[in-house]
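Report on the following structure.
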Amino acid sequence: MSVLDRLGQKLLFAFDPETAHGLSIAALRCGLPAGTRAVRDIRLKVSLCGLDFPNPLGMAAGYDKDAEVPDALLGLGFGFAEVGTVTPLPQAGNPKPRIFRLTADEAVINRLGFNNEGHAAAEKRLAARKGRPGIVGVNIGANKDSADRIGDYERGVGRFARHASYLTVNISSPNTPGLRNMQAREQLGELLSRVMAARASAATQPPIFLKIAPDLVEAELEDIAAEVVEKRIDGIIVSNTTISRPPLRSGDVGRETGGLSGKPLFERSTIVLAKMRKLLGPGIAIIGVGGVDSAETALEKIRAGADLVQLYTGMIYAGPALPGRIVAGMARFCETERLKSIGELRDSHLDRWASKPLS
């Protein structure tokens, strides 16, 4: 981390996490943070689901909830950015405080609860960037008090299909009561059927990804994989935050309710990723997320079966230069290992990760 990055982090860490997040969004809107411009290397290009990603590193959903700064994020060196989660109606989310830094663990616990400005606000911003280059996905969710949560996802597809490079169906946040129950096979089957029907009726038909939780057992993973294959979903994102608590060094704050992200999530999310790759086979796209904070952790996700990777929490601790550094590290790895494409690395550690228990 550079001196400027350290100073910026120290300044932001002087504020509570939610205020710091708002300041970082405002800074990106003004063009203030200077990231490390990502190298353009043909070996890092990934063609997936009809999209050409300039590199495999993306910004995960949860940072730019209301589609305020997707182009600024791409300017930091990300190969793609995912905005949201957006719900049909605006909602305030859960009571504050609801974000907690676990600095000793380079982790965060959040219980935000899909706080966002709603479909209309996000759609207006995304419509305004029409014609600009860059891959921007939209992560869609359901309102907490909705009487028809599946209908909320249908509305999300209908609203954003023409604006999104891809859509992510997020049913894995732990902070909306009952949402994760939609991962159960019967509910999931109905959800995916209706989502795919909504896409079929849209004028534009972007790829559909399903974002799953890391807190699943083998039988649940098998059910999800079966539904993904049967309903012809384009890909999955593994994984959301975890409600489990691996050994942490951050004391009482580590016992806060909510989803844990960052470095402690890497192991379990990568095991789930590999197990899903085994279940889905080689042809379905997988985006790996959870604990990515360096070129090596990003590369290991790919070795475990990911086509693309995402990060968020890592940038809280390493600053806006992180995506550029990771992409440069990936390019150096390709050069050192004489790879013609980063895709050659995929699945090279698949058996190692897939054989680990979900403990």
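Glycine residues also receive a Cβ, built from the backbone N, Cα and C atoms like all the rest.
Binding of substrate is annotated in Swiss-Prot for ASN110, ARG111, LEU112, GLY113, PHE114, ASN170, ASN175, ASN240, THR241; the matching candidate from LYS45, LYS65, LYS301 at the same site is LYS65. With ALA61, GLY62, TYR63, ASP64, LYS65, THR85, ASN139, ASN170, LYS211, SER239, GLY291, TYR312, THR313 listed by Swiss-Prot as binding FMN, the candidate from GLY31, GLY262, GLY343 annotated for that site turns out to be GLY262. Of all the binding-site residues listed (GLY113, GLY262), GLY262 sits in the most crowded Cβ setting, with the most other Cβ atoms within 10 Å.
Cβ-based crowding with a 10 Å cutoff singles out LYS211 as the top-ranked of the binding-site residues LYS65, ARG111, LYS211. Sequence-distant neighbours of SER173 (active site, nucleophile) (same chain, 6+ residues apart, CB-CB distance under 8 A): THR85, GLY113, PHE114, GLY141, LEU179, ARG180, ASN240, THR241, GLY259. Counting in whole angstrom, TYR312 (FMN binding site) lies 16 from ASN170 (substrate binding site) by their C-alpha atoms.
Taking a C-beta cut-off of under 8 Å and a sequence gap of six or more, ALA61 (FMN binding site) has these contacts in its own chain: GLU82, VAL83, GLY84, THR85, GLY137, ASN139, THR168, ASN170, LYS211. For the binding site of FMN, formed by ALA61, GLY62, TYR63, ASP64, LYS65, THR85, ASN139, ASN170, LYS211, SER239, GLY262, GLY291, TYR312, THR313 according to the record, the largest Cα to Cα distance is 20 Å, rounded to a whole number.
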